[in-house]
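Report on the structure given below.
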Amino acid sequence: MLCTVLLALAVLLAVAVTGAVLFLNHTHTPGTAPPPVVSTGAAGANSALVTVERADSSRLSILIDPRCPDLADSFARLESAQASVLEALTEHQAQPRLVGDQEQELLDTLADQLPRLLTRASELQTECMGLRKGHGTLGQGLSALQSEQGRLIQLLSESQGHMAHLVNSVGDVLDALQRDRGLGRPRAKADLQRAPARGARPRGCATGSRPRDCLDVLLSGQQDDGIYSVFPTHYPAGFQVYCDMRTDGGGWTVFQRREDGSVNFFRGWDAYRDGFGRLTGEHWLGLKRIHALTTQTAYELHVDLEDFDNGTAYARYGSFGVGLFSVDPEEDGYPLTVADYSGTAGDSLLKHSGMRFTTKDRDSDHSENNCAAFYRGAWWYRNCHTSNLNGQYLRGAHTSYADGVEWSSWTGWQYSLKFSEMKIRPVREDR
């Protein structure tokens, strides 16, 4: 009787399990392991066979016998199958809710963050536009600053030029006063020293006499440009010079030439005293030789100039000399005497009259600095110059200030000339 009741209960349980399994088979969640498959069948007149097929293809068979053999073991296996089915059913029912809850939570989070992201994107776009606008404004400001810098540099250059003119003008007044007060006796002495030479000088050279300068060479019958030996009155040993026999009637003794930058003119005192270079090219004759020439008689100066566009100009000075009023010209610095300008280049030398010669190693100018060192040349600097024909050979326009081969009245302080030639000739009595 007991076995019959248990058999009935087992059949009912098997039917319940089978129904649950069928429900799971129709409604299991995609992506999860399918639940066990349970089937029942007759195993005899009074027996039932319950089969559970698991997801891993293993089978569990339970034989229910009314004669109750191994009843405890069969019930244990049936309870195990029931537990597996209930667990699968529970997972099946819980999984959709879990997924749904996660999806809803994710959607809520996205819905909450999306406005913030959109707001931040709008802020970034606004900041980007502001940065672009600021970049454009900065570029305009930079261009304005660069333009202003260029204007200030130009104004500074112009102001330096005006200041140089002003200083030179004041210096001229002071020098004129000093000359009027104290140079009467030296001038008279120098005139007396030159008087014999001036009075004894013939218009031509007698046969066998030695030429004192290029005018004597010309008057002796030589009419070709070139190198000749001359023997000044106070320099009997003589020296060679280059004679220009063509310009304005010829007879010019050349003492300075710049033409190609092949010779370094940024030199010291000894070089400028003794001379350097090649007479047929760039050269400086030497202060002691220029002094020996110009103390013989009254000389005039002619300066030829050329720029890099083949433009030419000249400056003529009716009176020129070096160390005219000096007992010891080297000790005095070979001071310059120049006057009576005419020509097409404009005057850039009169303001240097009365000044001693300055080199990078011997400063005799009126500036706090050494003008020769500052402007890379050697000249009769005042404070500092209106001409600098012994400056650097910079080949035309340059960005530096007044340190080239300059003649400011013609090309300003930032243009280095292509050619310059300084030459002297005695003032002829028939002129």
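Placed from the backbone N, Cα and C atoms, the Cβ positions cover glycine too.
Between CYS214 and the candidates CYS205, CYS243, Swiss-Prot records the disulphide bond with CYS243. When other Cβ atoms within 10 Å of the Cβ of ASP363 (Ca(2+) binding site) are tallied across all protein chains shown, the result is 16. Proximity to CYS214 (disulfide bond), judged by a C-alpha distance within 10 Å, picks out none of the recorded positions ASP365, TYR375, HIS385. For CYS371 (disulfide bond), the recorded positions whose C-alpha atoms fall inside a 10 Å radius of its own C-alpha are ASP363, ASP365, out of ASN310, ASP363, ASP365, TYR401. A 10 Å radius around the C-alpha of HIS385 (site 'Implicated in ligand binding') takes in these recorded positions out of CYS243, ASN310, TYR375, ALA402, in sequence order: TYR375, ALA402.
Predicted-model confidence for the topological domain 'Extracellular' (25-431) is 79, expressed as mean pLDDT.
Across the structure, CYS243 (disulfide bond) and TYR375 (site 'Implicated in ligand binding') place their CA atoms 30 angstrom apart. Using CA atoms as reference points, the recorded positions ASN310, ASP363, CYS384, ALA402 were checked against TYR375 (site 'Implicated in ligand binding'), and the closest is ALA402.
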